[in-house]
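A.B. asks: Okay, here's the structure, questions in a sec.
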Amino acid sequence: MKFLDDLSRQNLEYEMTELGEKPFRGRQLYKWMYSKGIFDLQEMTDLSKQLRQKLEQKYGFRKIEVIEKIQSKKDGSTKVLLELGDKNRIETVILRDGERLTGCVSTQVGCRMGCSFCSTAKIGLIRNLKIGEIVRQIIIMNRLLSEKNEKLSNIVFMGMGEPLDNLDNLNEAIKIILDENGLNFSHRKVTVSTCGMVNELKKMYEELDSPVNLAVSLNFTDNKIRQRYMPVSKKYPVEALISTLRNLPLQKRKRITIEYVLLKNINDSQMDAKYLAEVLRGLPVKINLIVYNDSDIGFNSAADENVLAFQKVLLDKGLSAFIRKSLGSDIEGACGQLYAKYNKKI
Ligand code: SF4
């Protein structure tokens, strides 16, 4: 059985011509899935009964079901655990920050990047998510929000997995998310967050027509230290990453978000802040200082006074630096933590 939601729009059209149908049948299927959120051939009523039967013999859709929802009592963010057709589980999070509702989307089951402060890294990479499995997370979040007449305003690829490690499916999913016949989000509302896969980053910008926003999880400016905590730096050193950022074809006024997770006694000193300002000099950036959610994998959040002192160094150097609220901290908001907890329970 082939899965229709594994296919890009072009491939759906091609698939229909292979069946002896007109290419517009592919566009109809695409609209049902991504404009209307319908993943059941019997409900696709503008396809003839005959065609629906023909399609059902050969094709289906990926299964993806909500297993558990946990809402934060502190800020109303919601973490959703999803089960895929092969019983693998992923998570997706609705982050609530005032009026802004951001869907935090996963791109892989697990992750092979090995960042030592991350729960998902402990799982390792199980598999890449398919195009439809990535997009469906957003459709599911919007369906849950529609009960309160709400919908997502922003999308960030910052859930389980390194998005650029699943680049082909990520790019096709982004095209569907931005397409007016798909989910119809503005490219200004979509952000890809990476730990710094330099070649893949260049490729993403080459392949996408509308450049989405970029966030880079930097966290360390000294390459030797970064290698210790973020092994991606062995292949792509800090210097190569920063030089790539300097040469990206960014649109006017677009800024790169630099994510910096403050870990107690590891990267939270004022000297670390000075090095960070030095490394980022001249780049169009804003810096998010993230207060780490204490975890059971050996790291602690930086003390409040250190976070403020760190921010002051950056502000004094003329940089934009924000302390990011730790949304969903009571529902284990760091990537992979819900999955890790769920796996411990069963
Ligand atoms: S922080 Fe991101 S890239 Fe690093 S291991 Fe976790 S999910 Fe992967």
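Note that Cβ sites are derived from N, Cα and C of the backbone, with glycine treated the same way.
Look at TrEMBL and you will find E91 tagged as active site, proton acceptor. According to TrEMBL, the feature active site, S-methylcysteine intermediate maps to C335. Residues annotated as [4Fe-4S] cluster binding site in TrEMBL: C111, C115, C118. Marked as S-adenosyl-L-methionine binding site by TrEMBL: G161, E162, S193, S217, L218, N219, N293. What TrEMBL records for 97-330 is domain 'Radical SAM core'.
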A.B. asks: Could you tell me which of the recorded positions E91, C115, C118 have their C-beta within a distance under 6 angstroms of some atom of ligand 1?
C.D. replies: C115, C118
A.B. asks: How long is the line from the C-alpha of E162 (S-adenosyl-L-methionine binding site) to the C-alpha of C111 ([4Fe-4S] cluster binding site), rounded to the nearest angstrom?
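C.D. replies: Computed Cα spacing between E162 (S-adenosyl-L-methionine binding site) and C111 ([4Fe-4S] cluster binding site) is 6 Å.
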A.B. asks: Could you tell me the C-alpha distance between E91 (active site, proton acceptor) and C111 ([4Fe-4S] cluster binding site) in angstrom, no decimals?
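C.D. replies: One finds 13 Å between the Cα atoms of these residues.
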A.B. asks: Of all the binding-site residues here, S193, S217, N219, which one's CB has the most other CB atoms within 10 A?
C.D. replies: N219
A.B. asks: Could you give the Cα-Cα distance between C111 ([4Fe-4S] cluster binding site) and N219 (S-adenosyl-L-methionine binding site), in whole Å?
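C.D. replies: Rounded to a whole number, the Cα-Cα distance is 18 Å.
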A.B. asks: Counting across all protein chains present, how many other Cβ atoms fall within 10 Å of the Cβ of E162 (S-adenosyl-L-methionine binding site)?
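C.D. replies: For E162 (S-adenosyl-L-methionine binding site), the 10 Å Cβ neighbour count is 26.
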A.B. asks: Counting other Cβ atoms within 10 Å of each Cβ, which of the binding-site residues C111, C115, C118 scores lowest?
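C.D. replies: Result for the binding-site residues C111, C115, C118: minimum number of other Cβ atoms within 10 Å at C115.
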A.B. asks: Provide, as an integer number of angstrom, the distance between the C-alpha atoms of S217 (S-adenosyl-L-methionine binding site) and C118 ([4Fe-4S] cluster binding site).
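C.D. replies: Cα of S217 (S-adenosyl-L-methionine binding site) to Cα of C118 ([4Fe-4S] cluster binding site) measures 12 Å after rounding.
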A.B. asks: Using Cα coordinates, what distance in whole Å links C118 ([4Fe-4S] cluster binding site) and G161 (S-adenosyl-L-methionine binding site)?
C.D. replies: 10
A.B. asks: Express the distance between the Cα positions of S193 (S-adenosyl-L-methionine binding site) and C115 ([4Fe-4S] cluster binding site) as a whole number of Å.
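C.D. replies: The Cα atom of S193 (S-adenosyl-L-methionine binding site) is 14 Å away from the Cα atom of C115 ([4Fe-4S] cluster binding site).
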A.B. asks: Fill in the CA-CA distance, G161 (S-adenosyl-L-methionine binding site) to C115 ([4Fe-4S] cluster binding site), as an integer in Å.
C.D. replies: 11
A.B. asks: Just to verify a number: CA distance, L218 (S-adenosyl-L-methionine binding site) to C115 ([4Fe-4S] cluster binding site), in angstrom, no decimals.
C.D. replies: 11
A.B. asks: Please report the Cα separation of C115 ([4Fe-4S] cluster binding site) and N219 (S-adenosyl-L-methionine binding site) in Å, rounded to an integer.
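C.D. replies: Answer for this pair: 11 Å between alpha carbons.
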A.B. asks: For the domain 'Radical SAM core' (97-330), what's the model's average pLDDT?
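C.D. replies: Summing pLDDT over the domain 'Radical SAM core' (97-330) and dividing by its length gives 93.
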